[in-house]
Amino acid sequence: MKFPGSVLVSLVLFVAETAAALCLSGAYRAAGDRMWQWLTLLFALLPCALVQLSLVFIHRDVSRDRPLVLLLHLLQLGPLVRCVEVFYIYFHAGRVEEPYVSITKKRQMPKDGYSEEIEKEVGQAEGKLCTHRSAFSRASVIQAFLGSAPQLTLQLYICVLQQEITAARSIFMVLSLLSIVYGALRCNILAIKIKYDDYDVSVKPAAYLCIFLWRSFEIATRVTVLVLFSSVLQIWILPVVLVNFFGFFFYPWVLFWQSKSPFPENIEKALSRVGTTIVLCLLTFLYAGINMFCWSAVQVKLNDPDLINKSQNWYRLTVYYILRFIENAFLLLMWYIYKTDIYLYVCAPLLVLQLLISYCMAVLFMLVFYQFCHPCKKLFSSSISEGLLSCFTFLCFICKPAKSTILTNKAEVKSPENTDEAWSSSKTIDSQKGNLHQSVSSNA
């Protein structure tokens, strides 16, 4: 039985970030910065409440008679109780013989084109631990992108405006960045396990390292770009954020309405149609929050029973990173044009170059992960290099027809003149040949 290390890491980040937010909020209150105090509290307490809801929903505590657990969740102590329960199950597993076990069938990764199916006995304790790991993984994603990401953006914005980085604020920003990167990493692992649920997936340390570096460069660059742009164009940051957020929020719903599929009814039997709609809205809300800062490894598909698109779409991945790179470059250009006196001692061209290179480094580590370190790369219908090549070929194919059509039209316009010239030249050559023949025969 695996040690529940992911549960412990999630709890440590959750508690440390919440405590740091409360301490920093108190410091803002002492300094008289009421607005920064309330925004810091808002970005700390809102994800806490959503984390409690997700844990209660996954463990179905509402339908069970557990009033003490529900009370602790209301007091925002749910992750602590769940962690204690996890380690109690882990250390007491195997001491008492379990009344029954379930048998799961998993397939191994293909070797030489063949894949064996393995049966594995899963006891009650291991099943409960698996449920807890899954719940904490989802809670980490919620905490990362609905709390830590806005919090990191806010604190970095305050540092830029005040031109000061205090020790408390720097520690808090480091914790927030670690929380976001860890949440993105858990999101990647969740996507892999959901897409390849039939296979026994084992993620190697090299894969974890690639994902960590990929997400660190991507998220740090994105947050810095947004902060720089908002520091010089405070009003225009609002449409940028709203277009990004609502674009990703409504995208799964547009695809769902286009598919004309029936409304999902199998999410939770105890939920009514209104409750199901609320859950789906929260899911797409989280999906939009993730894509605001980085690529969402989990693609929402509302007409699928698992609500997840299990196909590997290289085209969508390529389009996302191309558009995001263009957007980041445009925002940096606007910052460079309208930068104020607070950036007087900053080498602006060098900073722009560093941020663009950092984003390219994120893309590089992403390519390395999908090409060499992905645990299920043998199951890909095409590698990422082949997918990118086909994407660029498709883009070139879109551009070629317009050019070829112009050349064809030009050829059609010039064809009558060319045929007349060719006919007249052929007649001239024939007449010259005839004259030459007559002169030769007369000399003979």
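Any Cβ shown, glycine's included, is placed from N, Cα and C.
Automated prediction, rather than curation, is the source of TrEMBL annotations.
What TrEMBL records for 421-444 is compositional bias 'Polar residues'.
Summarising the annotation, TrEMBL assigns region 'Disordered' to 413-444.
Taken from TrEMBL, the feature signal peptide applies to 1-20.
Annotated transmembrane segment per TrEMBL: 35-58 (among others), in sequence order. For the transmembrane segment (35-58), the list of distant contacts is 14, 17-18, 21-22, 24-25, 28-29, 70, 73-74, 76, 78-79, 82, 131, 134-135, 138-139, 142-143, 146-148, 150-151, 154-155, 158, 268, 279, 282: same-chain residues at least six beyond its ends, Cβ to Cβ under 8 Å.
Annotated transmembrane segment per TrEMBL: 167-185 (among others), in sequence order. Same-chain residues lying 6+ beyond the ends of the transmembrane segment (167-185) with a Cβ under 8 Å from its Cβ atoms: 9-10, 13-14, 16-17, 20-21, 23-24, 27, 140-145, 147-149, 151-152, 155-156, 158-159, 208, 211-212, 215-216, 219-220, 290, 293-294, 297.
What TrEMBL records for 235-256 (among others) is transmembrane segment.
If you look at the transmembrane segment (277-298), the same-chain residues 6 or more away from its ends with a CB under 8 A from one of its CBs are 50, 57, 141-142, 145-146, 149, 180, 184, 187-188, 190-192, 194, 215, 218-219, 222-223, 241, 244-250, 252-253, 264, 267-268, 271, 307-308, 317, 320-321, 324, 366. Among the features that TrEMBL reports, transmembrane segment is placed at 277-298 (among others).
Taken from TrEMBL, the feature transmembrane segment applies to 318-338 (among others). Listed as Cβ neighbours of the transmembrane segment (318-338) (distance under 8 Å, sequence separation of 6 or more from its ends, same chain) are residues 221-222, 225-226, 228-229, 231-233, 236, 240, 291, 295, 348-349, 352, 355-356, 359, 363, 366, 387-388, 391.
Outside the transmembrane segment (350-372) by six or more residues, the chain places 206-207, 210-211, 213-218, 220-222, 224-225, 295, 321, 324-325, 328-329, 332-333, 336, 383-385 with a CB less than 8 A from a CB of the stretch. Residues annotated as transmembrane segment in TrEMBL: 350-372 (among others).
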